[in-house]
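*Asks:* Pulled these from Swiss-Prot:
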type     : residues              : note
ACT_SITE : Glu131                : active site
BINDING  : Cys88, His130, His134 : Fe cation binding site
Amino acid sequence: MAIHKILTLGDPLLREKSQPVRKITSNVWKLLDNLADTMYDAPGVGLAAPQIGVLKRVIVVDVGEGLTELINPEVIAASGEEVGAEGCLSIPGAQGEVPRAAVVTVRGLDRHGRVREIRAEGLYARALQHEIDHLDGILFIDKVVRWLENQPGER
(Lines of atoms letter the chains of each structure in order from A; the text may use other names.)
(Lines give C-alpha, C1' and ligand atoms only; values in the text may rest on other atoms or scores of the structure.)
Protein backbone atom coordinates (compact mmCIF):
# COMPACT_ATOMS: atom_id res chain seq x y z
CA MET A 1 0.00 0.00 0.00
CA ALA A 2 1.26 3.43 -0.88
CA ILE A 3 0.23 7.04 -1.10
CA HIS A 4 0.43 8.39 -4.64
CA LYS A 5 0.69 11.88 -6.06
CA ILE A 6 -2.74 13.10 -7.20
CA LEU A 7 -2.71 14.51 -10.72
CA THR A 8 -3.97 18.07 -11.02
CA LEU A 9 -5.87 20.10 -13.59
CA GLY A 10 -3.91 20.39 -16.82
CA ASP A 11 -2.56 16.83 -16.75
CA PRO A 12 -3.87 15.24 -19.96
CA LEU A 13 -4.49 11.86 -18.25
CA LEU A 14 -7.41 13.43 -16.36
CA ARG A 15 -9.20 13.92 -19.69
CA GLU A 16 -8.64 10.37 -20.97
CA LYS A 17 -11.28 7.64 -20.94
CA SER A 18 -10.32 4.74 -18.68
CA GLN A 19 -10.30 1.12 -19.79
CA PRO A 20 -12.40 -1.59 -18.12
CA VAL A 21 -10.65 -4.05 -15.84
CA ARG A 22 -10.74 -7.39 -17.68
CA LYS A 23 -9.39 -9.60 -14.90
CA ILE A 24 -9.12 -8.92 -11.19
CA THR A 25 -5.57 -9.66 -10.11
CA SER A 26 -3.33 -8.79 -7.19
CA ASN A 27 -2.40 -5.64 -9.14
CA VAL A 28 -6.04 -4.52 -9.02
CA TRP A 29 -6.15 -5.22 -5.27
CA LYS A 30 -2.98 -3.15 -4.88
CA LEU A 31 -4.56 -0.35 -6.94
CA LEU A 32 -7.65 -0.38 -4.68
CA ASP A 33 -5.44 -0.24 -1.57
CA ASN A 34 -3.34 2.59 -3.01
CA LEU A 35 -6.44 4.57 -4.00
CA ALA A 36 -7.89 4.25 -0.49
CA ASP A 37 -4.58 5.18 1.19
CA THR A 38 -4.18 8.20 -1.09
CA MET A 39 -7.81 9.30 -0.61
CA TYR A 40 -7.62 9.12 3.19
CA ASP A 41 -4.24 10.87 3.25
CA ALA A 42 -5.45 13.78 1.07
CA PRO A 43 -8.08 13.76 2.77
CA GLY A 44 -11.03 13.27 0.44
CA VAL A 45 -14.30 11.35 0.11
CA GLY A 46 -13.53 9.69 -3.21
CA LEU A 47 -10.77 8.96 -5.70
CA ALA A 48 -10.65 7.43 -9.17
CA ALA A 49 -7.71 5.55 -10.67
CA PRO A 50 -7.04 8.20 -13.38
CA GLN A 51 -6.35 10.72 -10.60
CA ILE A 52 -3.22 8.76 -9.73
CA GLY A 53 -2.31 8.18 -13.37
CA VAL A 54 -3.89 4.75 -13.89
CA LEU A 55 -6.40 4.62 -16.75
CA LYS A 56 -8.50 1.78 -15.34
CA ARG A 57 -12.18 1.88 -14.33
CA VAL A 58 -11.63 1.67 -10.57
CA ILE A 59 -12.91 4.00 -7.83
CA VAL A 60 -13.04 4.27 -4.06
CA VAL A 61 -15.51 6.32 -2.02
CA ASP A 62 -15.96 6.92 1.70
CA VAL A 63 -18.40 9.61 2.79
CA GLY A 64 -18.14 8.54 6.43
CA GLU A 65 -20.05 5.28 6.25
CA GLY A 66 -17.17 2.97 5.35
CA LEU A 67 -15.07 2.33 2.27
CA THR A 68 -16.73 1.45 -1.03
CA GLU A 69 -14.45 -0.09 -3.67
CA LEU A 70 -15.83 -0.53 -7.18
CA ILE A 71 -14.34 -1.99 -10.32
CA ASN A 72 -15.99 -1.14 -13.66
CA PRO A 73 -18.74 0.91 -11.98
CA GLU A 74 -21.67 2.22 -13.97
CA VAL A 75 -24.79 4.16 -13.11
CA ILE A 76 -27.69 1.89 -14.11
CA ALA A 77 -30.53 4.04 -12.75
CA ALA A 78 -30.87 7.66 -11.72
CA SER A 79 -33.75 9.83 -10.55
CA GLY A 80 -34.38 13.36 -9.39
CA GLU A 81 -31.89 16.18 -9.44
CA GLU A 82 -30.05 18.05 -6.73
CA VAL A 83 -27.61 20.91 -7.11
CA GLY A 84 -24.85 20.73 -4.53
CA ALA A 85 -21.34 21.90 -3.77
CA GLU A 86 -18.41 19.90 -5.11
CA GLY A 87 -14.68 20.13 -5.09
CA CYS A 88 -12.00 17.78 -6.35
CA LEU A 89 -8.61 16.63 -5.12
CA SER A 90 -7.34 17.18 -8.68
CA ILE A 91 -8.49 20.83 -8.66
CA PRO A 92 -7.36 22.22 -5.29
CA GLY A 93 -9.18 25.31 -4.06
CA ALA A 94 -12.02 25.24 -6.59
CA GLN A 95 -15.60 24.63 -5.52
CA GLY A 96 -18.78 24.92 -7.48
CA GLU A 97 -22.40 23.91 -7.50
CA VAL A 98 -23.06 20.91 -9.73
CA PRO A 99 -26.39 19.31 -10.67
CA ARG A 100 -26.43 15.54 -10.09
CA ALA A 101 -29.04 12.83 -9.88
CA ALA A 102 -30.51 12.79 -6.37
CA VAL A 103 -30.70 8.99 -6.23
CA VAL A 104 -28.58 6.54 -8.21
CA THR A 105 -28.14 2.82 -8.51
CA VAL A 106 -24.57 1.90 -9.34
CA ARG A 107 -23.41 -1.54 -10.41
CA GLY A 108 -19.80 -2.70 -10.29
CA LEU A 109 -17.56 -5.44 -9.01
CA ASP A 110 -15.94 -5.71 -5.60
CA ARG A 111 -12.31 -6.77 -5.20
CA HIS A 112 -13.35 -10.43 -5.30
CA GLY A 113 -15.24 -10.12 -8.58
CA ARG A 114 -18.69 -10.21 -7.00
CA VAL A 115 -21.33 -7.94 -8.50
CA ARG A 116 -22.35 -5.10 -6.18
CA GLU A 117 -25.42 -3.02 -6.77
CA ILE A 118 -25.59 0.09 -4.60
CA ARG A 119 -28.57 2.42 -4.22
CA ALA A 120 -27.26 5.75 -3.00
CA GLU A 121 -28.59 9.21 -2.25
CA GLY A 122 -27.24 12.45 -0.84
CA LEU A 123 -23.48 12.87 -0.60
CA TYR A 124 -22.90 9.17 -1.33
CA ALA A 125 -24.76 9.43 -4.67
CA ARG A 126 -22.92 12.66 -5.51
CA ALA A 127 -19.50 11.14 -4.73
CA LEU A 128 -20.19 8.01 -6.80
CA GLN A 129 -21.29 10.08 -9.81
CA HIS A 130 -18.29 12.40 -9.46
CA GLU A 131 -15.81 9.51 -9.38
CA ILE A 132 -17.48 7.65 -12.27
CA ASP A 133 -17.24 10.86 -14.31
CA HIS A 134 -13.46 10.78 -13.78
CA LEU A 135 -13.38 7.40 -15.53
CA ASP A 136 -14.72 9.10 -18.67
CA GLY A 137 -12.38 12.10 -18.51
CA ILE A 138 -15.12 14.37 -17.16
CA LEU A 139 -14.28 16.82 -14.37
CA PHE A 140 -16.76 18.55 -12.09
CA ILE A 141 -15.76 21.90 -13.60
CA ASP A 142 -17.41 20.73 -16.84
CA LYS A 143 -20.77 20.67 -15.04
CA VAL A 144 -20.56 23.65 -12.66
CA VAL A 145 -23.59 25.94 -12.74
CA ARG A 146 -22.21 28.40 -10.18
CA TRP A 147 -18.71 28.89 -8.75
CA LEU A 148 -18.34 29.06 -4.99
CA GLU A 149 -14.61 29.82 -4.81
CA ASN A 150 -11.76 30.67 -7.16
CA GLN A 151 -12.46 29.72 -10.75
CA PRO A 152 -9.83 27.36 -12.20
CA GLY A 153 -8.09 28.16 -15.46
CA GLU A 154 -9.76 25.41 -17.52
CA ARG A 155 -13.46 25.16 -18.30
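Note that Cβ sites are derived from N, Cα and C of the backbone, with glycine treated the same way.
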*Asks:* For His134 (Fe cation binding site), just count the other CB atoms lying within 10 A of its CB, please.
*Replies:* 22
*Asks:* Can you tell me how far the Cα of the residue listed as 'active site' sits from the Cα of Cys88 (Fe cation binding site), in Å?
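*Replies:* With the alpha carbons as reference points, the distance is 10 Å.
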*Asks:* Using a 10 Å cut-off, grab the number of neighbouring Cβ atoms around the Cβ of His130 (Fe cation binding site), all chains included.
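*Replies:* Around His130 (Fe cation binding site), other Cβ atoms within 10 Å: 23.
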*Asks:* Given the Fe cation site residues Cys88, His130, His134, which other residues of that chain have a Cβ within 8 Å of the mean position of their Cβ atoms, reported in sequence order?
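*Replies:* Going along the sequence, the neighbours come out as Gly46, Ala48, Gln51, Glu86, Leu89, Ser90, Glu131, Asp133, Leu139, Phe140.
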*Asks:* Tell me the Cβ neighbour count for Cys88 (Fe cation binding site), meaning other Cβ atoms within 10 Å of its Cβ, over all protein chains shown.
*Replies:* 26
*Asks:* With every protein chain in view, what's the tally of Cβ atoms within 10 Å of the Cβ of Glu131 (active site), excluding that atom itself?
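*Replies:* Neighbour count, Cβ to Cβ under the 10 Å cut-off: 28.
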*Asks:* Reduced to three states, what secondary structure does DSSP give Cys88 (Fe cation binding site)?
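*Replies:* Assignment for Cys88 (Fe cation binding site) reads coil.
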